[in-house]
Each structure stands twice: as C-alpha cells, then as structure tokens.
Amino acid sequence: MGDSEKITTTTVEFKTLGKDVQELIDAAIEARKKSYCPYSNFAVGAAIRTPCGRIFTGCNIESSTHTPSICAERTAAAKAISEGFRKFSAVAVIGQQEKTFTTPCGVCRQFLSEFSDNEDIPIFVAKPARITVMVTSLFELLPHRFIWSS
C-alpha cells in the first residue's frame, strides 16, 4: 500500500463493507467464541488475511500468571506464520464491548508490523452487533513502530 493509499481512521456501517471484509470480520467473530478468558472474562477474536486470500483466526488465551497470556491477534498471526505465511494483507478484531472498539494492544501492533514488509495493513475493528466498524490501519495505530536495522 503506497503513500497515495494512506488509510485514515473512520467508522462505517458493516453492511457497506465488501464481502471479503465482512467474511474476515465474521471469521473473527467465530474465533472469539473459542476464547479462553476465565480471569478477565473479556473475549477477543481476530482474523488475518494473507495476500493469497487465506484466513487465519485466533482468540485470546489467558493464563493465571498473566505474562504468558496471548492476545487474539498474535494467536492468529502465530497460526499463519507456523504455516509458512510471512505477510498479512488485512486484520479484523472483535472484542465484547458495544460502546467502544477493542483495538490491538501495543505488543500486537508491533508484532503485526514485523510481517508488513513496511507496507500498511488495513485493520477492521468491529463490535459484537456488527453494526459499525472502525476502519484503521497498522501505521495509523502504530506510527512510530520499531524497525530493526543491522
């Protein structure tokens, strides 16, 4: 995605999105149902699309000691990476809040940036009712990401 295609955060109605984006959000909704969150009771689902169109899903997985807990976005990314996919073309995230959007945490933002090839990735953040969706991007959420240079 070039500079001319910069994504600016906006909110849109779910029904106005393309079928491919709706499918990605629906996959995140299904993943959220598998969440293991006995401590926070805050279920999150994510779906990642690769450039070839394959979708990988993930849910948050909590641990009683918190540190080894895994966010939904990193679960989905780890599944894709373990299958040999190293580039992501879109991400969908859904939490359980209806009043606010649940965006990826800072760790997930940086983790996703590792697989962006320095290109922006659209991120679709939905609410459970699927009425409105925040359309944003990785670079919008993480404008000063860490980039390793040797």
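Placed from the backbone N, Cα and C atoms, the Cβ positions cover glycine too.
Per TrEMBL, the features are as follows:
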ACT_SITE  GLU73  active site, proton donor
BINDING   CYS71, CYS105, CYS108  Zn(2+) binding site
Lowest local Cβ density (other Cβ within 10 Å) among binding-site residues: CYS71, CYS105, CYS108: CYS105
CYS105 (Zn(2+) binding site) and the residue listed as 'active site, proton donor', Cα-Cα, nearest whole angstrom: 9
Other residues, Cβ within 8 Å of CYS71, CYS105, CYS108 Cβ centroid (Zn(2+) site): ALA72, GLU73, ARG74, PRO104, GLY106, VAL107, ARG109, PHE111
DSSP state at the residue listed as 'active site, proton donor', helix/strand/coil: helix
